[in-house]
Structures are given as C-alpha cells and as structure tokens.
Ligand SMILES: CC(=O)[C@@H](O)[C@H](O)COP(=O)(O)O
Ligand SMILES: NCC(=O)COP(=O)(O)O
C-alpha cells in the first residue's frame with residue numbers, strides 16, 4: 001500500500017514569520033501521524049528559512065514516526081544527519097534565492113562526491129534517497145552511487161496540470177506523467193524504491209498515486225495549506241484517502 005510522507009516545513013514557515021514558538025512542528029508531526037501519515041519529512045535548509053536545527057532534534061526525540069531529513073549534500077548537513085540518525089536522508093539541490101526547490105539533484109554531474117556522501121550516511125545506518133528529475137541518466141547515476149531510494153520531482157507534472165486548467169487528460173500533463181512512469185520503471189528495474197513528490201495536491205495527486213510501483217509520496221505545502229482550514233489530522237486523512245482510492249482504481 002502506498003505511503004504518505006508529510007513535509008511539515010511550512011508549519012515552521014508560519015512560526016518563523018514572527019520568529020516565535022508556535023505553531024510547533026512537533027505538534028504538527030504528531031497530528032499528521034494521528035491522521036495517518038506514514039512518515040514526516042523536513043528540509044533543513046542551509047539558510048534555515050523555516051525548519052531549525054532544534055526542530056529536527058525535537059522531532060527525533062519526541063515523536064515515534066519515520067523521519068526523512070531533506071538536505072543539501074554538504075559536510076555540515078552530513079554531520080547533522082549522522083548525529084540525528086533519521087530513517088532516511090534525501091539529498092536535494094539548494095539555491096539561496098529559490099522560493100522552493102526548483103529542480104532535481106544533478107547526480108550524474110557529481111557522482112564521486114555523492115558516492116562518498118551516500119557511503120558516510122549508509123555507515124550510520126541511514127537510508128539515502130536522491131530527489132531527481134524524471135530523466136534516465138539521473139536514475140542510472142543514482143544506482144551507480146548506491147542510493148536505495150529515488151524520489152522523482154513531480155513539479156513539471158504539477159505545473160502542466162495547472163497550466164492546462166487542471167485537465168489530467170491534456171497531452172502535456174499525460175506526457176509529464178509518462179516521464180515519471182518511465183523513470184519509475186527504471187528505478188524499480190535497478191532495485192531501488194520509487195518515490196515521488198513536490199507540488200502534489202488534492203487535485204493532481206491521484207494519477208501519480210496510481211503509477212505502477214510507486215511506494216511513497218512526499219507532500220507538504222498542499223497539506224499544510226488545507227490544515228489551516230480543517231486541521232492537520234483531517235488534511236492528512238483526506239490525502240491518504242485519495243491516494244488509497246487511486247491505487248484501487
Ligand atoms: C524536495 C521538495 O520538493 C521539497 O521537499 C522541498 O523541500 C521544498 O522546499 P521548501 O520546503 O523550502 O518549499
Ligand atoms: N520532496 C517533496 C516534499 O517533501 C514536499 O514538497 P511540497 O509538497 O511541499 O511541494
């Protein structure tokens with residue numbers, strides 16, 4: 001059954017608006033867990049624009065749910081991950097001026113460096129994932145550096161979905177979905193786990209959740225946005241319902 005990793009970065013975005021103490025990401029993680037989340041994702045960015053070091057420490061100490069730490073492949077972040085020991089660490093690209101993650105990690109262009117990072121994390125028992133575009137050379141490079149999980153960047157699919165008036169049947173949306181499907185088949189053929197995420201929401205999630213062999217979706221901004229109106233528990237439960245429904249179709 002497909003799993004849902006809830007990214008709670010933007011709970012911390014609200015808190016950082018006042019540099020205060022609420023809303024508390026730990027509370028959000030517990031509520032997400034009670035709503036049916038299978039894991040929690042946080043992106044500890046180099047610029048600490050939302051999630052803070054104390055957040056990841058408190059999440060590890062105070063919650064009992066699978067933790068996926070998104071991080072740049074820097075010595076600083078590897079050191080934090082090796083101390084924190086999340087169940088999974090996902091290597092993502094970071095740009096200081098980006099509003100959110102803009103593209104996948106260029107694994108093919110930095111294999112030697114990333115192979116070393118993956119080995120250091122694996123030595124600590126941490127499963128490593130890479131956030132990549134739906135491109136076969138990136139999948140092949142991920143397999144070569146020894147990662148166990150690939151998360152396919154669903155941003156282009158989500159963008160096409162909205163630019164074509166939320167029409168899941170439009171040729172450009174179907175073309176993006178097919179790229180994800182093909183990348184997913186290559187990921188599974190290489191013996192890696194096929195995950196996906198970025199800009200998925202209640203309107204565009206089901207075609208991705210229905211893809212053959214998809215294991216986990218990482219969704220954050222849309223769930224936190226819905227939680228403002230209905231609460232985190234119900235926002236997560238609704239997303240899980242949509243994902244399960246898609247897999248049964
Ligand atoms: C990799 C990905 O798509 C997100 O998890 C990413 O962390 C979004 O970055 P922000 O949470 O800073 O928007
Ligand atoms: N890796 C994707 C993720 O964790 C959530 O991304 P988004 O749903 O906040 O765009």
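Just so you know, glycine gets a Cβ as well, placed from its N, Cα and C.
In TrEMBL, annotation is done automatically, which means it is predicted and not curated.
The Cβ neighbour count for residue 43 (active site, proton acceptor), using a 10 Å radius over every protein chain in view, is 26. According to TrEMBL, the feature active site, proton acceptor maps to 43 (among others).
The DSSP secondary structure for residue 70 (active site, proton acceptor) is strand. Applying an 8 A CB threshold to same-chain residues 6+ apart, the list for residue 70 (active site, proton acceptor) reads 7, 41, 42, 43, 44, 89, 90, 92, 131. Per TrEMBL, the feature active site, proton acceptor maps to 70 (among others).
Feature annotation from TrEMBL assigns active site, proton donor to 198. DSSP assigns residue 198 (active site, proton donor) to coil, not to a helix or a strand.
Taken from TrEMBL, the feature 3-amino-2-oxopropyl phosphate binding site applies to 7, 18, 199, 220, 221. In the shown protein chains, 8 other C-beta atoms lie within 10 A of the C-beta of residue 18 (3-amino-2-oxopropyl phosphate binding site).
For residue 45 (1-deoxy-D-xylulose 5-phosphate binding site), the same-chain residues that are 6 or more apart in sequence and have a Cβ closer than 8 Å to its Cβ are 51, 72, 94. Positions annotated as 1-deoxy-D-xylulose 5-phosphate binding site by TrEMBL: 9, 10, 45, 50, 100.
Per TrEMBL, the feature site 'Transition state stabilizer' maps to 151. Residue 151 (site 'Transition state stabilizer') carries a strand DSSP state (E or B).
Residues from the recorded positions list (9, 18, 151, 199) with a C-beta closer than 6 Å to any atom of ligand 1: 9. Spread of the 3-amino-2-oxopropyl phosphate binding residues is 25 Å (greatest Cα-Cα distance among 7, 18, 199, 220, 221). Listed in sequence order, the recorded positions near residue 9 (1-deoxy-D-xylulose 5-phosphate binding site) (C-alpha within 10 Å of its C-alpha) are 220, 221, out of 18, 151, 198, 199, 220, 221.
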